[in-house]
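Working notes for the structure below.
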Amino acid sequence: MIKINKILSLLIILLIINCNYQFVKADAESKALDIINRYRDIARYTFFTTDGHLEKYPSGFCGGTTIEDCKWDEYIEAVILLSGITFIIAAITLIFGIIFWIFRCLCFGGCKPTHGILCPGPKYDPDIGEGYSKGRVFILKLVTLIMVAGCVAVFITSLKGNSSVTSGINNLSDTVFNKTSYTLEQLIEISNQLNETKYQQFDQKQEIQSQLTQLISDGEELESKGEDISSNAKDINNIRTKIIIVGLVFCMVVAGLIGVSALIGLPRISRAASIALVILIPFMWIVFSVHYPINSVVADICISYDTTGVQQLSNFTNPIIEQVFEGCQNDNNTISVFEDLQSLVNNLLQNATDTSCDKINDACQLAFPRYPNDNPLSVPYQQNVLDCPPTLTCSNTTLSIYLFNTTVHDFNVKCKNAPTCGDLSTCDPSILTEVMSCDWVDVSSVNSCSQGGCQYNQQVVNTTKQIMQLYDILTSLTTLWTDKVVPLIKCSYLMPFIDEVQNIVCVDEVNSLDLLIAPTAVFAILLTGLGITGILGSKRFNSKYRVKGSRSA
């Protein structure tokens, strides 16, 4: 009873884990679809490729055109210009920041606490009630610390998003490369097996080998380029990751310094940190600008509609996948690039079957004189060596019946005047009229005969061995085709790979990019706010310039 309870408890736990996994997976897909829909609805425009006129670009991948008809320059521009505004913000922030700090002491409020808004006037004299009130300084510190807290949150989120994006890109690269390498290894193994001597007798073999050689050559070239692309992509991705991590850390350190300067009153630290933000704020806008268009492209690639019109992530409701992998809606279909190979192999199998059947048909016609009761004085009749089914035609479906269910009639020979069967000493065996068949034996099948069941007539033995040898070649060829080739060329081999890639690109990467894109924009805004409070704090955080005895805000 205790054992049963343990088993039931284990099953319940496994069921809960599976349900949780399915829920998390569905939740991730739902979030990704929401993000994709959000990006899909964003308007895109072209300018440079439309003769200097700002024109709205049609929605969808390549504006809804097929890949062959895509105007890539317009599509790429429309995607890049999505970040045009934020690039401009980054440039303006950088230029204004540099100008601001160059002329800070002259016309942007001055470097010391003074009267005047832009142009600095006389210095504040706290002894006569001039300076910054404690209440206003407190509010400034509070706002600063709130923004620093916000920076901590978006810093953590950005790091997580950046790490997930890196893992996703590396995972995608490995998935594609591993699939290519595995397929190539299988094709090479198939080609090596086809090079065996036993297959050389078939007419189509050379043509099949030629196609396989071409596929392998293309595959090796693709693998080589893919390895380079994969390596370069990982290198660039790792560089991107490190740059972003370093930038995020610097931004967080600077934000923290402004927070510390607010807490303990370090105006010089506040000023230095604010100067550093001249570089860091544009950096964050650039990070945002670089990644923002990516999800727009991903949205074009991944968005789809099912037959009910409900938006979903799926395979062949996706127009790009449908176009690239046309004909693979059914798992049992053959991938288009392998259709010619399949046709050749089918012809080869049919050729092998026909050759085997020709041998069998010849054997079915083979007959020898048989003397009733082995009496040389009796009138002989023609006895077929094989009891071939009269109503069957040899084919790939009936071949096994001929080989494993057809009786073979084996026999010995002797001189007609000899007393015992097998005695050829009393006549000239080359004179057929002086010899006769004897001791006829029924052997259960052609296969049994070829394996030693037939012991007398060497012609019958050789014929059955030839037939079974052809059948063995046909069987090994069929096994090679079924076990090695078919799994590679059928859509059932491709679709799980598409599902895996789609899950990486359309779910994992979309969610990861969103964790990086949105927080970097918020981070840039918060840093801008901290830059302002840091500039204000470069004076107000100095306790010497507060109104003495001030209680008001």
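Note: Cβ is positioned from N, Cα and C throughout, glycine not excepted.
Annotated features, as they stand in Swiss-Prot:
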CARBOHYD  Asn162  N-linked glycosylation site
CARBOHYD  Asn171  N-linked glycosylation site
CARBOHYD  Asn178  N-linked glycosylation site
CARBOHYD  Asn195  N-linked glycosylation site
CARBOHYD  Asn315  N-linked glycosylation site
CARBOHYD  Asn332  N-linked glycosylation site
CARBOHYD  Asn351  N-linked glycosylation site
CARBOHYD  Asn396  N-linked glycosylation site
CARBOHYD  Asn405  N-linked glycosylation site
CARBOHYD  Asn462  N-linked glycosylation site
SIGNAL    1-26  signal peptide
TRANSMEM  80-100  transmembrane segment
TRANSMEM  137-157  transmembrane segment
TRANSMEM  243-263  transmembrane segment
TRANSMEM  274-294  transmembrane segment
TRANSMEM  515-535  transmembrane segment
Worksheet, complete the sentence: Across every protein chain in view, the count of C-beta atoms other than its own within 10 A of the C-beta of Asn178 (N-linked glycosylation site) is 12
Worksheet, complete the sentence: Counting other C-beta atoms within 10 angstroms, the emptiest spot among the glycosylation sites Asn332, Asn351 is Asn332
Fill in: Recorded stretches the transmembrane segment (137-157) and the transmembrane segment (274-294) touching, at least 3 CB pairs under 8 Å
no
Response to the item:
As a whole number of Å, the Cα atom of Asn195 (N-linked glycosylation site) is distant from the Cα atom of Asn332 (N-linked glycosylation site) by 28
Practice prompt. Residue list, the transmembrane segment (515-535) vs rest of chain: Cβ under 8 Å, 6 or more residues beyond ends.
Written response: 86, 93, 97, 109, 140, 143-144, 147-148, 150-151, 154-155, 157-158, 160-162, 164-165, 244, 248, 251, 254-255, 258, 261-262, 270-271, 273-274, 277-278, 280-281, 284-285, 287-288, 291-292, 295
Item to complete: For Asn396 (N-linked glycosylation site), write down the residues of its own chain that are at least 6 apart in sequence and whose Cβ falls under 8 Å from its Cβ; none is a fine answer.
Response: Leu349, Gln350, Thr353
Worksheet item: Under 8 Å Cβ-Cβ from Asn405 (N-linked glycosylation site), six or more apart in the same chain: what's there?
Response: Ser445
Practice prompt. Check each residue in the chain of Asn162 (N-linked glycosylation site) that is at least six apart in sequence and keep those whose C-beta is under 8 Å from its C-beta; list them in sequence order.
Written response: Thr241, Ile244, Ile245, Leu248, Leu516
Practice prompt. Pick out which of the glycosylation sites Asn171, Asn195, Asn462 has the most other Cβ atoms within 10 Å of its own Cβ.
Written response: Asn171
Worksheet item: Looking at the glycosylation sites Asn171, Asn178, Asn332, which has the shortest Cα distance to Asn462 (N-linked glycosylation site)?
Response: Asn332
Response to the item:
Expressed in Å to no decimal places, the gap between the Cα atoms of Asn171 (N-linked glycosylation site) and Asn178 (N-linked glycosylation site) is 10
Worksheet item: Could you give the Cα-Cα distance between Asn351 (N-linked glycosylation site) and Asn332 (N-linked glycosylation site), in whole Å?
Response: 24
Worksheet item: If one measures from the C-alpha of Asn178 (N-linked glycosylation site) to the C-alpha of Asn332 (N-linked glycosylation site), what distance in angstrom results, rounded to a whole number?
Response: 23
